[in-house]
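Undergrad: Got a structure for you, questions after.
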Number of protein chains: 2
Amino acid sequence: MSVADTLAEDMIAGGDPSWLLRETGYELLRESTFETRFALSNGFLGVRGGLASHLGACRAVPPRIYVAGLFDTPTPDSVVPELVPAPDWTQVRILLPDGPLMRCPDRSSRALTLDMRRGALFMEARQTCNAPLDVCLRSLRLVSLHARAIGMQVIELRIESGVSDLTFEAAFGPTDFELAPERAELDLKAWRTWRSGRSLAIAAAASLEVDGIERQPVMRGDLTWNWSWTAQPGQIVTFRRIIAVTRHHATDVHAGARARKELAAARTLGWRGILARHEAAWAERWRCSDIRVTGDAAAQAALRFAIYHLNGAANPEDPHVSVAARALTGDDYRGHVFWDTEIFLVPFYALTWPEAARTLLMYRFRTLDAARAKAAQMGCRGALYAWESADSGSEVTPAQTVGPDRKILDVLCGSQEQHISADVAYAVWQYWQATEDEAFLQEAGAEIILETARFWTWRAAPEADGRRHIRTVIGPDEYHEGVDDNAFTNGMARWTIARGLDVAALVQARWPETWARLARSLDLGEPELAHWREAAEAIATGFDPATGLFEQFAGFSALETVDLNAYAGRSVPMDVVLGRERTQRAQVIKQADVVALLALLPEAFPGASGGTNFDHYEPRCGHGSSLSRAMHGLAAARLGRAEAALSYFRRSAAIDLADTHVAIGGGIHVAALGGVWMIAILGFAGLSLRADGLAFDPCLPADWQSLDFRVRWRGRDLAVAIDGTTRVLRVALDRGAPMTVFAGGAAFVIAMDRPLTVEGVGG
Amino acid sequence: MSVADTLAEDMIAGGDPSWLLRETGYELLRESTFETRFALSNGFLGVRGGLASHLGACRAVPPRIYVAGLFDTPTPDSVVPELVPAPDWTQVRILLPDGPLMRCPDRSSRALTLDMRRGALFMEARQTCNAPLDVCLRSLRLVSLHARAIGMQVIELRIESGVSDLTFEAAFGPTDFELAPERAELDLKAWRTWRSGRSLAIAAAASLEVDGIERQPVMRGDLTWNWSWTAQPGQIVTFRRIIAVTRHHATDVHAGARARKELAAARTLGWRGILARHEAAWAERWRCSDIRVTGDAAAQAALRFAIYHLNGAANPEDPHVSVAARALTGDDYRGHVFWDTEIFLVPFYALTWPEAARTLLMYRFRTLDAARAKAAQMGCRGALYAWESADSGSEVTPAQTVGPDRKILDVLCGSQEQHISADVAYAVWQYWQATEDEAFLQEAGAEIILETARFWTWRAAPEADGRRHIRTVIGPDEYHEGVDDNAFTNGMARWTIARGLDVAALVQARWPETWARLARSLDLGEPELAHWREAAEAIATGFDPATGLFEQFAGFSALETVDLNAYAGRSVPMDVVLGRERTQRAQVIKQADVVALLALLPEAFPGASGGTNFDHYEPRCGHGSSLSRAMHGLAAARLGRAEAALSYFRRSAAIDLADTHVAIGGGIHVAALGGVWMIAILGFAGLSLRADGLAFDPCLPADWQSLDFRVRWRGRDLAVAIDGTTRVLRVALDRGAPMTVFAGGAAFVIAMDRPLTVEGVGG
């Protein structure tokens, strides 16, 4: 297999277009959208799909390169760490004697192709107008899913006509003041962050062949190569660069040694070996997580895109980082971690890649001390996680931000949006239900749930009315600040305390020694657990049995009602339309709040009250967050409203895939992508986790002829197939011990030689 | 006078705070606002007020440096030229052995002071926390108003305690791919644009003194200096850099020679001489243009700020450029020139700095061929100016843009917003009325007016109803595209044709040879002028004598009415609130349109119809443009509604001065600043230009105790003083022949020894 073959278009994804994202031409306004959408990531290295530098002189933003966990504060007096852009290892300059070679590439010849199956980005551009050389340039780029320190780039240049001296420069982009240089050698550079005590090392090797014969560079500097020769018609020039990146605490004085070792291992494999192992790693990810839909090609494409970015966002090997709100694909939200991870991503990982889910939860365990400190600051025991979290787990929500109207807004979420602590407990419990990972529960999970349950018991103070109230919070609906008894917060808090009691009972019964250790280290005993029991009952819920409605918070129903239909044409969020003050005084909801509670805890809604609440709150919601529609879609699908759910599915997918918008320039909305997966699997397939098995309650949209996917559950591999036309559900166990599956109102035991077929489900 | 003295705070503006803009501390979110507001400009060089690089490692946008007229297309296939950011000549790095010196400046010690009187920016920052050195850093920066090629920077560093090796690096910021390097020598660098055939040369000299003794650099590169020494307590380090910038057409092979010559002249003056001449040039500008208001300190501050930026925006020496929509202070609108210049800026320049006004109009004369070509493209004779203009005068309105909701929008203004051609004619006539510059009229002004009058005659085709209609245009109200008979466009077109006839008669009568030349070169004769006479009468106006209203365009009054009061809290424009489609179907106006016609041509409104139209259209206007409130304020003041006008004055001034907003990050709204001046002088003082003199009709807001200003008129210097309390107007002629002044319903002849005092005016 030659490089030319590898780069040839017919090799991409074996020619199957359903695995490809493709754009041709070049449009400056849409460039940042494409840079996000075509981003490569392996959860440690992220590279936006920027290819402007290949195309000659372009006044475009340089491609952003990210290294997970490389946080620093941007200014000396800032307290908010941000992900520092890393040195750009993808940069090359191909120069004629009088300037860049690719000064006027043929507009239509430029093609960008992301092969999602193989996690590789291909670029092609041709130039036929530019004396003295006509050329065709093709490139391949990847960050290895097999060895996450490794990135690789292959550029092939064919000289189609003309003769000219040519220089090929490969040098890293400038880091300017972003990082302090520590060390520079021919094959290695190391930097440290200015204030946060992190360091970064990059080792690199590069080569250039002309017609298959390697050339020696005419100049070599630190991670810099320069080749010069006379280009002739018919020449094929092949440039390859392999890099190895490591991130360290600055105390590690051998920052470069590991990078060199990773590079040496990669060079031993060679570029074909690197590519082969990377492809194999992606094949395994897709084997576990691919979803196939027939009858709705757009939904199929949306699911592939979502799963591609979800698999690229996590890194099971690094408990020091979690997935940021824009993963490693853009600058928005500065690399900070929100509830997005636990509520919108962990379900995917827990059921398709439990190793990744476990690591994400270990990040929360690692930051538990910071959460305890935050709770202590407000006079509570237990753990209150940071609304925005970077590497230490301290609260890093900025005090101010710039709104869509470019006004500076105060941000109170860092102190008031506390449901995050219940969300983390919720994710721990989902993971436990999906995996029964006893080691994790004993080492980390139990302590997280106990400490968050404890926090909520402290936080919900008993008052004169005999109830406990949680005052002065922000729920998921961030349009309303400083509210009392937010239904979502209180409902999740009650649930967390109840799970705290479950976990205490479970650990006491099953692992008495673990319990003894935890009880001692947490100073937790039966008298306190009795308090929890009382608190879980006493916390106000806002539920009115007469109407069947939860009140979103105390006083919400007395606020002005606004007919959102009158604002159907608007293209900005409702708080911008009405102004912040009026929105705060109105029943205008930023995102699913009671509906989110319904999506996460349907059992908290008695009788038909789920539908009642959905019908009440849906028309009040302005969907001012990219997370909102996913929750609505999941709740709608669970209520049996498949077409409404499909509409939410499509609009969630459109956030990153619709082409009329440049709003994704700041990065993919990875939680919305997780939400797309949730609507499909937890909604349309109706999968739910039970203590005693897995349940399915399918409800496919009319267009979806079939839905096929795999899940992992407590060490087992299952293949699930739902035929929407015949209304048949098939569940096959491909690996693991027999288990119980619930479907169509009955329980079945399946085994590897005994798949399940249930007729007359959903539809 | 030592450097320390120069930099000392008590020297700034002689201690008068009304001349100062000042900010202390450092807030990352507001930094781009300050960079705009504190920008320096002399109409050729623009430097945003960015000082982040002085403050050590900061992940902030580098300061933008502009050179007027340095346009290039950003990508090979783009047709829209943009102002190319120039190399940053302000950058320095002050380094300890382990990194930047100013790593943790005391937050509150950072002070930024713009001395508007002297056109100089001062910065101060202190660092007391950082072993090994405590320091105080002060800097002065200017771009010379005396010699516009020259920029100067002085940085003084006092070592307050500690001993350490210190390195001071002065190097230009990277230009990366923006410009192609052409030449690099120790004292000079030259670049060229990639595609537009412009070149740039910068010559520079720098020196560093420690305790008054000059040090030799330990390293010298191209425009790069490095000094190293051991810093000791008590040392005073003084760095000075002088640069000379020239812009050329690339065919000029001696690009560097003029830059070197300019630099040599500046070095001969020395830094004190440069400063002194620069201050003298600013003093002369302020003498001609300052406005003093008593009783309203905020209005005084707003006027000073406006006049500072207006005087910095123009360059009477360079007819190749005009003033861009954001002057030389930010990236928004890419350096393009709009009607803003002719309608909102020329009135200021014509009456305070006619040399600048003349050059701006010569820019339009220079681009007349491009305007003729644009008219010819649509089958018309005459001149249709580009809606957006860069250096050639060709149409450079981008076909698409990104809206405030980050959606990509099609832009039709480039083909349909044609009133620009009348606006240019209007400015030529204003200038002629203010100056009676006969040379200009004969050389350039007459031809502009004749060619635009000719265009409108062709454009307004006679139809079956016996009227001429102008179909498929966009008026100032850009919410409505492709409309017929826009009242502003048609009214200004009629007016332009009438002025064309006036100019023809004037030139024929006064300068028959000029007329013969023009008639020949333009192929213009009496038969065509007869057409003009008919056309000026026949163009539909949309005026309904029954109601006294102009209809904004044919069919406007049938559109949906929307109560804008219901949207009072909104923080984005109405088209974003309602969506573009609904806005197009509604009586929602982006900006003054009929009201703009009233502001520019009050004589077109018979009887009391001015007030009728104002009252009708004002509540329909969403003020979705920064230009809108200025027109409303001017019209309101002329209608005698001083308090309403003052409200518009304040809101126009707030666009660039309100601190809750970061929307000015893209540059000052120079037209809104011109509008602030217009409301004050043309509105509150009621100044109007007449063929036979200057008229005043004062109408001060109640708070304004007095309004004092100067104007230049046909070679004369006048001082005008309006006392709002006693209702006395005083006009003194300080230079020039006797002239007629109209006030209080009467005509007066004033002379240098015969000032005018009129009692009982305005109030």
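Including glycine, each Cβ sits where the backbone N, Cα and C put it.
Just lifted these from TrEMBL, have a look:
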- A:Glu478: active site, proton donor (ACT_SITE)
- A:Trp339, A:Asp340, A:Lys590, A:Gln591: substrate binding site (BINDING)
- A:23-246: domain 'Glycoside hydrolase family 65 N-terminal' (DOMAIN)
- A:304-678: domain 'Glycoside hydrolase family 65 central catalytic' (DOMAIN)
- A:688-748: domain 'Glycoside hydrolase family 65 C-terminal' (DOMAIN)
Undergrad: Around A:Glu478 (active site, proton donor), which residues of its chain at least 6 apart sit with Cβ under 8 Å of its Cβ?
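TA: Within the chain, A:Glu478 (active site, proton donor) has Cβ neighbours under 8 Å at A:Cys413, A:Glu417, A:Lys590, A:Gln591, A:Ser625.
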Undergrad: With an 8 Å cut-off on Cβ distance to the A:Trp339, A:Asp340, A:Lys590, A:Gln591 Cβ center, who else from the chain surrounds the substrate site?
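TA: Leaving out the recorded residues gives A:Phe338, A:Pro476, A:Glu478, A:Ala592, A:Ala596, A:Ser625, A:Leu627, A:Ser628, A:Ala671.
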Undergrad: Looking at the domain 'Glycoside hydrolase family 65 N-terminal' (A:23-246) alone, can you tell me the average pLDDT?
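TA: Looking only at the domain 'Glycoside hydrolase family 65 N-terminal' (A:23-246), pLDDT averages out to 88.
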Undergrad: Please give the greatest C-alpha separation between any two of the substrate-binding residues A:Trp339, A:Asp340, A:Lys590, A:Gln591, in angstrom, as a whole number.
TA: 16
Undergrad: Is A:Gln591 (substrate binding site) helix, strand or coil when read with DSSP?
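TA: Assignment for A:Gln591 (substrate binding site) reads coil.
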Undergrad: Just to confirm: which same-chain residues, 6+ apart in sequence, have a Cβ under 8 Å from the Cβ of A:Trp339 (substrate binding site)?
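TA: Expected: A:Trp387, A:His419, A:Ile420, A:Asp423, A:Val424.
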Undergrad: For the domain 'Glycoside hydrolase family 65 C-terminal' (A:688-748), DSSP counts of helix, strand and coil?
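TA: Going through the domain 'Glycoside hydrolase family 65 C-terminal' (A:688-748) residue by residue, I get 0 helix, 39 strand, 22 coil.
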Undergrad: By a simple count, how many Cβ atoms lie within 10 Å of the Cβ of A:Lys590 (substrate binding site), its own Cβ left out?
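TA: Result for A:Lys590 (substrate binding site): 23 neighbouring Cβ atoms inside 10 Å.
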Undergrad: Determine the most Cβ-crowded residue among the binding-site residues A:Asp340, A:Gln591, using a 10 Å radius around each Cβ and all protein chains in the structure.
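TA: Going through A:Asp340, A:Gln591 one by one, the largest Cβ count within 10 Å is at A:Asp340.
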Undergrad: Which three-state DSSP class does A:Glu478 (active site, proton donor) fall into?
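TA: Coil, per DSSP.
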